[in-house]
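Only one structure is covered here, and it is reproduced in the block below.
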Amino acid sequence: MSTPHHSQSTAALLKESMLWQKRLENPGFTFSTLFFMLLPLALLMLAVGFYSGFWGENIRLWHQEMRQLHPLLTRLMLVTSWGSAWMLYAAYAVILAHALRTNNRQEIAFIARFVFSLVCVLLIAAAMKVAFGMPRPGINLPSAPFSFVDDFVSFPSGHTVQIVTAALPLAFYFSKRWLFIAMSLLITLVGYSRLWLGQHHPIDVLGGIVVGSLIVVMVFRRTGSRQIC
């Protein structure tokens, strides 16, 4: 015969499981939300591009001067650029640990989709970088396709691709307004940091937005039995 304490524990576990299932089945994914999450970085790159050029030395030289004038901001950009994606990967690891502990197949499927999308986007971005062979800021044209030299793998921005691919599913998974805003800001900071650090042109970051978001939409077009894209 079950005790009241046992019944309460079972009810609590059932409630928790239902809440996690609801997050997965109703992630609040809409194209309008995705659009507005990516809009700040896209507008920033368009503004910079139309003002100083989508590719060239003007924007690189200006940011080089800014890096010298603001070393603390440059350090922040370095941390943002290199650490943000790994921070989100840690969040996915927590979700996976919860999924394995509770044997939640839907959560495991969500993580599997994310890993698949990340592998796909990294392979596609790497192939595009080598195939286009576009020079990084400070390196003159012409391009050098299939040279496999780091100076000629500028397009698209790999960091932008990664942060878009990691941030979008996580935001829709929890479906919290503050998280949508936070992930949008993080995407913007990481994308802009690539210009600030002199590693990419505006067109590279825009390319990263397009590649990352397309892969996310294609992989996460369905979760469970509900259409989310």
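Keep in mind that glycine also has a Cβ here, set from the backbone N, Cα and C atoms.
If you look up TrEMBL, you'll see 111-220 marked as domain 'Phosphatidic acid phosphatase type 2/haloperoxidase'. Marked as transmembrane segment by TrEMBL: 28-52, 72-96, 108-132, 152-171, 178-197, 203-220.
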With the transmembrane segment (108-132) as the reference, find which of 28-52, 72-96, 152-171, 203-220 contributes the most Cβ pairs under 8 Å.
152-171
Would you say the transmembrane segment (28-52) and the transmembrane segment (203-220) are in contact under the rule of three or more C-beta pairs closer than 8 Å, pairs 6 or more apart in sequence?
yes
List, by number or range, the same-chain residues at least 6 past the transmembrane segment (152-171) whose CB is under 8 A from its CB atoms?
34, 37-38, 41, 81-82, 84-85, 88-89, 91-92, 110, 113-114, 117-118, 121-122, 125-126, 128-130, 132-137, 139, 143-145, 179-180, 182-184, 186-187, 190-191, 193-194, 199-201, 203-205, 207-213, 215-216, 220
Secondary structure composition of the domain 'Phosphatidic acid phosphatase type 2/haloperoxidase' (111-220) [DSSP: H/G/I, E/B, coil]:
80 helix, 0 strand, 30 coil
